[in-house]
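Peer 1: This is the structure I want to talk about, given as C-alpha cells.
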Amino acid sequence: FKGGDTCEYLLSSGRFLGEKVWQPHSCMMHKYKNSEAKNCLIDKHVVFIGDSRIRQLFYSFIKLINPQVKEEGIKHGNIPFEDKSASIKVDFLWYPEVNGSMRQRIKSWTEGSVAKPHIIVVGAATWSIKIHNGSNEALAQYKINITSIAPLLEKLAISSDVYWVLQDPVYEDLLSESRKMITNEKIDAYNEAAVRILNSSSRNSKAKVKVFSVSKLIAQETIMKSADGLHLPESSRDMNAMILMNVYCNKIMKPIDGSCCQPQPPLTLIQKIAFCFFTLSIIGYLIISLIHRNNHRKNKSCTDLESGEEKKPAISIPNVSTLEMLLHCFCKLGLIMTYFYLCDRANLFMKENKFYTHSSFFIPIAYILVLGVFYTENTKETKVLNREQTDEWKGWMQLVILIYHISGASTFLPVYMHIRVLVAAYLFQTGYGHFSYFWIKGDFGVYRVCQVLFRLNFLVVVLCIVMDRPYQFYYFVPLVTVWFMIIYATLGVWPQIIQKRANGNCLWHFGLLLKLICLLICIYFLSYSQGAFEKIFSFWPLSKCFELNGNVYEWWFRWKLDRYVVFHGMLFAFIYLALQKRQMISEGKGDPLFSNRVSNVLLFISIVSFLTYSIWASSCKNKTECNELHPSVSVVQILAFILIRNIPGYVRSVYSSFFAWFGKISLELFICQYHIWLAADTKGILVLIPGYPMFNVLVSTFIFVCVAHEISQITNDLAQIMVPKDNSTLLKRLLCIAGFFSGLHFFSAMQDQSRH
C-alpha cells in the first residue's frame, strides 16, 4: 500500500458511488453541517481568486456556512461575505486571468505586516483561452505568468493553506459560439503547465501549493448536465466545496466519519500500559512454553541400551497450569487487539463511506437465507424456544444486522424499523432467558451474577482500553448488563419467589405478578421523566460508564427505545412456564402446541399480526414518530414470530445449524464489527483489498468471523479462571478486579487532565 497523506488522495482521486455521492480513494469524507463549518472556520479569513468557475465554488462554500445565501453578487466583480456571529470572512476576488494584476494582489499578502488569509483558493485559464482565441502565444504567456506567481504562492503556503484549482473539462457540444475555442485539448495543456510549474522550486514540504485536481474527475462525470457546457451543475460544485471543507477542517474538528486528512491519534497513557501488558503476556507465554517443551524432551521415554526395553518417564507430564492458560489467553488476545488497533486507529488500512442500494442489502439477505435452510437439522428437544432454536434466532438476526450495518441500510426507513424489532428481540430473549433461569433454578448466588457480567462485559472493557472509547459507545452491552441487573433485583429482592415455592401456593404467583407490575410502573415513570433518569445515571461511578460526549442523553435514548420489551420477555416466560407446568401445551415431537383448532386460529392471527406490523413499518414516513410507537408495538411481531416458529410441531422440531453456529458468537460479532469489519467506529467500511469490493468483503468477513469466534473461546476460558466457584477465591478475584478498575480510573483521570 502507498500509505502517505490521505489529503493527497482527497484532492486528486476518487470515484462516484451512485449519482451524487463522491468516494475519495482510501479515506472517508465527512458531510459538514452549518454549525460544524462555523466552528471550524471561526475567526478565519478565506479568499477565492479567479474566474466565474471559482465564483461558483465560492458560493457553494459560503452556503455550507449559511444556506440562505443567494447568488446575487456582481458577476464580474469582487463579492464579500461575512458571518459576524463566528467572525468568518470569505471574499471572492475577480481575477479571470493569471496576469500582473493577480500577481500584485497575491504579492501584497507576502509583504510587511498585512494580515494573510488563512485559506487561499486560486484558479483561472478559460478567459485566457477565450480572449486570445486559443493561441499558442497565450499559453506561453500563461506559463510565464504562473512562473512568476508560483514563488509567492509557495511563500504564502508556509503559513496559509493555498489551493490551485485545475481547470475542469468542458462539454463542447453545449458551448456557445463565443466559447467554441475553449476545447478540452487546450484546457489539458493549461493544466499540465500549472502542475509542472507549481512547487517545482519548493524544497520545503510545508511550503507547497496543494493542487486541487479532483474537480476534474467530478466534472468528467457530470459536465454533460451543465447548462452551458462550461459551468458545473450545482451538485458537482457542492461536492468540490465539501472536499475543500474536509481538507481544511478534518484535522481541526476530527469527525469520526471523516478519516481524510486526519493524523493518527497519539497513544494514550492507558493504551501504552495495555500494550506493555500484552507484550509481557506474549513474552511470558513463550518462556513458559519453552520451559515445558524442554521438560517434555527430558521426560520423553528412552530405550534401555542393555535390555532393549523402553523406560517410562519417572515424572508424568504436568497438566497445563492456570498461569500458562492465563498467559496463553492474553497472548492471543494481545495479537487480536493489535489487529483491532491497526484496522481502526492506525492509518494502515483504507476506509470508505457506506452507500446504500436495495441490492446491496436484499441480495446478501437472500443468500444467507438459502444457506440457513440448507443446513437444517433435528433439534435435541422440542420445547418452545429450546437452546438450538434461540441460538438459531440470535444467529440469523445477527447476520441480518451485520448486513444492515455494512450496506448503510439505516437510510431506508422500512429496513431501519424492522432492524429495530431485531434489536428488541435480543432484549426480549434477555428477559425470557434470565427470568426462566432464576424462576426454575432459584440461583441468586454471586457466582452466577459474576459469570454473566464477565461474559457480557469482558470484550467491551478491553476495547474501551485499547481503542480509547467510552463504555457507552458499545451501547448494546451496557443495555443488556443493566437489564440483567434489573431482572436480578426484581426477582432476587425479598420475597424471593421461585417456581419451587410457588407450586405449593398459588398466592406466590400473584406476588410475582405484583413485582412485575411494580417494575412496569418504574419503567413507565423513568421513560417519561428524563430528569430523574439522568440524575440516577449521573452519579459517580455510574456517570463514568454511561456518559457519552459529556452527558447521558444517548444512554437515555437507547434505553427508552426498547424500554418495555425485556418486561414482555419476562412476562412471556412466566406465562409459558405456568402453562407448561399445568400441561396445557403439548411439546412432543411433531405435535402442534395446542389442539388443532386453537393452533390454526393462533397461527392465522400470528401471520396476520406479523404482516400487519411489517406493512405499518414499511409505510413509516417519520423516524421520530415511528420510534415513539416502537416500544409499545415491537412485541407484536416478536410474539407473532415465536408462535409461527413453535405452534407447528415439525417446524419446532428442526433448526438451522448454520444460523445456530453464528448465534453462539452473536455478542462477539456485534461488538467486533465496530472496528474490524466496519471502520471509523461503524461509520465506514474497512478496506483491506482496494479496488475489489466483493473480494475485500469476503476476506475481511472471514477474518472478522474467525476473530469473533476466537474471542468467544478466550472469554469462556478466562471466565473459568477469573470467576471460580469457590466463594473465598471468588472474593479475592473480585478484590483484584476492583483494584484493576480503581487503577483504570486513576490513569483515566490523569489522561483527562493532560488532555485539558
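Placement of Cβ uses the backbone N, Cα and C atoms for every residue, glycine included.
Because TrEMBL annotations are produced automatically, they should be read as predictions rather than curated entries.
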Peer 1: What range among 155-175, 659-679 does TrEMBL describe as transmembrane segment?
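Peer 2: It is 659-679 that TrEMBL describes as transmembrane segment.
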Peer 1: With a Cβ cut-off under 8 Å, give me the same-chain residues at least six positions beyond the ends of the transmembrane segment (355-375) that come close to it.
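Peer 2: Answer is 17-18, 21, 23, 396, 399-400, 403-404, 407-409, 411-412, 415, 656-659.
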Peer 1: Mind checking which residues reach the transmembrane segment (629-647)? Cβ under 8 Å, same chain, six or more beyond either end.
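Peer 2: For the transmembrane segment (629-647), the sequence-distant neighbours (Cβ-Cβ under 8 Å, at least 6 residues beyond its ends) are 384-385, 389, 393, 417, 420-421, 424-425, 428, 527, 560-565, 568, 572, 592-594, 599, 602-603, 606-607, 609-610, 612-614, 616.
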Peer 1: Looking only at the domain 'Cas1p 10 TM acyl transferase' (253-734), what is the model's average confidence as pLDDT?
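Peer 2: That region's mean pLDDT is 91.
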Peer 1: Go through the chain and flag residues at least 6 beyond the ends of the transmembrane segment (269-291) whose CB is under 8 A from any CB in it; none is fine as an answer.
Peer 2: 321, 323-324, 327-328, 330-331, 333-335, 337-338, 465-466, 468, 744, 747-748, 750-751, 754
Peer 1: Using DSSP, how many residues of the domain 'NXPE C-terminal' (22-72) fall into helix, strand and coil, respectively?
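Peer 2: Its residues divide into 22 helix, 9 strand, 20 coil.
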